[in-house]
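**Q** Pulled these from Swiss-Prot:
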type	residues	note
ACT_SITE	122	active site, proton donor
BINDING	12, 92, 185	[4Fe-4S] cluster binding site
BINDING	36, 70, 120, 213, 214, 215, 257	isopentenyl diphosphate binding site
BINDING	36, 70, 120, 157, 213, 214, 215, 257	(2E)-4-hydroxy-3-methylbut-2-enyl diphosphate binding site
BINDING	36, 70, 120, 213, 214, 215, 257	dimethylallyl diphosphate binding site
């Protein structure tokens, strides 16, 4: 069986930056998961004593607090800054961008439409910088929503571009003025395009990443559209021998929060599978 890697996959700029910040801040805490990859979070704890905390009340005075890549709501950031702690901001710059955009557009009187998952930490952070934002995942969710005649729209950095286009087209058809900010990350574009291309050539796709990672789930969705035998795994232990029976080309891609050491372990384990 031939194993092919996608042309673009794995750690993005924002995640690499956040991991470096955490490694250079031993004995610190992260407010929320730094990235959506449990294996890497466990490694940071074991090797650098970087602890995960979910609530501000859990943070001790004089702590060093690393802000997660997804950012946090501005109210929580303000509360942190009121405490006697050192705040180290590892928010991805590509996530900070939509925060700044919705803040400015709200001040200028635009209705704000955010394309993304309202329960995702990145979107919760972006929402906090906007006035009465409307968050949707589809045109159907947008229909009937109260909007001014001038609208500004941003997207979650890890969503599918084609789905964002549908939102934008709907707004352009129904509103007089629409300011469109394409805030989907370039790394997301590249990884998705590479996954799409490879999944058309493979008869099995393995997508490596956290099951709670938005960008990894998008990769899985894209691969599944082209290759029905697509599987999302967090690590090599989740591989099943029977998946590979009769397969000739195994394609591999990985989410933006997936470290190389996990990808290499998965590849080595696939090589050992004899079917």
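Positions of Cβ are set from backbone N, Cα and C atoms, glycine also.
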**Q** Please name the residue among the binding-site residues 157, 213, 215, 257 whose C-beta has the most neighbouring C-beta atoms within 10 angstroms.
**A** 257
**Q** Whole-number Å only: compute the distance from the Cα of residue 36 (isopentenyl diphosphate binding site) to the Cα of residue 122 (active site, proton donor).
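**A** Their Cα atoms are separated by 12 Å.
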**Q** Cα of residue 92 ([4Fe-4S] cluster binding site) to Cα of residue 70 (isopentenyl diphosphate binding site): how many Å, rounded?
**A** 7
**Q** Let me make sure I understand the span of the (2E)-4-hydroxy-3-methylbut-2-enyl diphosphate site: among 36, 70, 120, 157, 213, 214, 215, 257, what is the greatest distance between any two Cα atoms, in Å?
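**A** This binding site's residues have a maximal Cα-Cα distance of 15 Å.
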**Q** Between C-alpha atoms, which of these binding-site residues comes nearest to residue 185 ([4Fe-4S] cluster binding site): 70, 120, 213, 214, 215?
**A** 215
**Q** Taking only same-chain residues 6+ apart in sequence, whose CB is under 8 Å from that of residue 120 (isopentenyl diphosphate binding site), what do you get?
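**A** 70, 156, 214 - these are the non-local Cβ neighbours of residue 120 (isopentenyl diphosphate binding site), listed in sequence order.
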**Q** If you count CB neighbours within 10 Å, which one among the binding-site residues 12, 92 has the smallest count?
**A** 92
**Q** Looking at Cβ-Cβ distances, which residues of the chain lie under 8 angstroms from residue 122 (active site, proton donor) while being 6 or more apart from it?
**A** 70, 71, 95, 116, 156, 157, 158, 214
**Q** When the Cα of residue 12 ([4Fe-4S] cluster binding site) is compared with the Cα of each of the binding-site residues 213, 215, 257, which one is closest?
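**A** So, of the listed binding-site residues, the one sitting closest to residue 12 ([4Fe-4S] cluster binding site) is 257.
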**Q** I want the residues beyond 36, 70, 120, 157, 213, 214, 215, 257 whose C-beta is within 8 angstroms of the mean position of the (2E)-4-hydroxy-3-methylbut-2-enyl diphosphate site's C-beta atoms, in chain order.
**A** 35, 69, 122, 158, 216, 255, 256
